[in-house]
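Chemist: Here's a structure for you.
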Amino acid sequence: MTEQATSEAPACGLEETASESAHVPPTGPSGDTAAPQAPGGKQAPGGERASEPQESAPQPPDPAASAAPADPTATDPALPREDVPSAPLLLAVEDVSDSSVTVSWEPPESLGRLGLQGYVLELRREGALDWVPVNVRPMMVTQLTVRNLAVGDKFFVRVAAVSSAGAGPPAVLEQLVHIQETIEAPKIRVPRHLRQTYIRQVGESINLQIPFQGNPKPQVLWTHNGHALDSQRVSVRTGDQDSILFIRSAQRSDSGCYELTVQLKGLEAKAAVNILVIEKPGAPSSIRLLDVWSCSAALEWTPPQDTGNTELLGYTVQKADEKTGQWFTVLERYHPTTCTVSDLIVGNSYSFRVFSENLCGLSASAAVTKELAHIVKTDIVAKPKSFVERDFSEAPSFTQPLADHTSTPGYSTQLSCSVRASPKPKIIWMKNKMDIQGNPKYRALSEQGVCTLEIRKPSPFDSGVYTCKAINVLGEASVDCRLEVKASATH
């Protein structure tokens, strides 16, 4: 069975003798063959010119090679037909690159009575008459790669099976093999940070580096909003693998869509990069003090005419006291165009200003109110509610009556009770219904409605019924108790 592999044969001339063709050339481990050379040192299709013909090192004679004819594909007509193999089958081109070609075939139906020694592959340049062998010595492979070819080479291919009796009829590839440059479809790889809008400020530089692929080197074209670039402002440098667009000092007119087109032999790839050049916004067009009340002031302003080529992030509102002149921020990134400023100090006068803000920051100037907001102290008039005085007048009533009491002669004793009345009542103490006021033996006290009668060193004569009477304009009340002074026992 014939081995299927790639093989390499040396470059050789067409006028080599039979003994020279029997020499075994060195082959690389890949088995690829270099393109053969034509007579006069000229390489066969795709080969390079040799400055001087190289002589092969002398090799020991090979009996099998010495028996072979000078032309491996030449068949001796005197030999019986059954001694040589038939033509290989299914000769086809497997792969063609910009510097090599790979062909394959199947073994012949008849290998001949003497057996198969290998195959010889030959090339013939378009317009030439001579076939140049790729491998001088037959090789037992059914696939062969010829390398070191040049772009533009055109040639025919044939292969013949060889036995010890000679070469059989060759199998010729009908179509012409053309070595063309390999085309790699163009492809653009946009960096991640350029896949969204690329924002720069006025005066900053713009440097876009866009990698691309393509072989051979493709044509690269840049456009700005569908028009050619302004060479006075934009410079482009294109290499083998990337294209760089550079603007030294960006202006707002440089904003827009920059499209990169890579073209290669009817194929093209496109990529767009959106650039936005921005700057600080202008101040609000006008500001007006709408109203002032209590400790608050209402303001209104109009948006700026120039937003800096981008949307606004809001407004910053500040206030300043006329006395100090220092500005303090009241609101930041405030979106409406009206606001109310509260917590103003009574007696002060305030001015207000408003800044616009975008990605670049606050506007260089602000809109300032022309008039001051005077926080005036208003007169406060007390309006007391009508008060209905409650009448606390009350006739006397005892909340704590007198209690019966027993005392010892010679020891002072007290009688107490509690009375409630309004207006304050007059208190009268009596003993056995007799008024005892003015009697030095008794002392009457009245404080916070508590009435007390002190009897100094009582004697049995002081025993009796004591009465406390309270009298005011609304009435009177009285309470009684019995005092008993026991005489001391005699021994």
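A Cβ is built for glycine as well, from the same backbone N, Cα and C atoms used for every other residue.
No curator has checked TrEMBL annotations; they are predicted automatically.
As annotated by TrEMBL, region 'Disordered' applies to 1-83. The annotation compositional bias 'Low complexity' is assigned in TrEMBL to 34-57, 64-78. The domain 'Fibronectin type-III' annotation in TrEMBL covers 87-182, 283-379. Summarising the annotation, TrEMBL assigns domain 'Ig-like' to 186-274, 396-480.
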Chemist: Go ahead and report the DSSP secondary structure tallies for the domain 'Ig-like' (186-274): helix first, then strand, then coil.
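Modeler: Breakdown, helix to coil: 6 helix, 53 strand, 30 coil.
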Chemist: In the predicted model, what is the mean pLDDT computed over the domain 'Ig-like' (186-274)?
Modeler: 93
Chemist: So, by DSSP, how many helix, strand and coil residues make up the domain 'Fibronectin type-III' (283-379)?
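Modeler: With helix first, then strand, then coil, the domain 'Fibronectin type-III' (283-379) has 0 helix, 49 strand, 48 coil.
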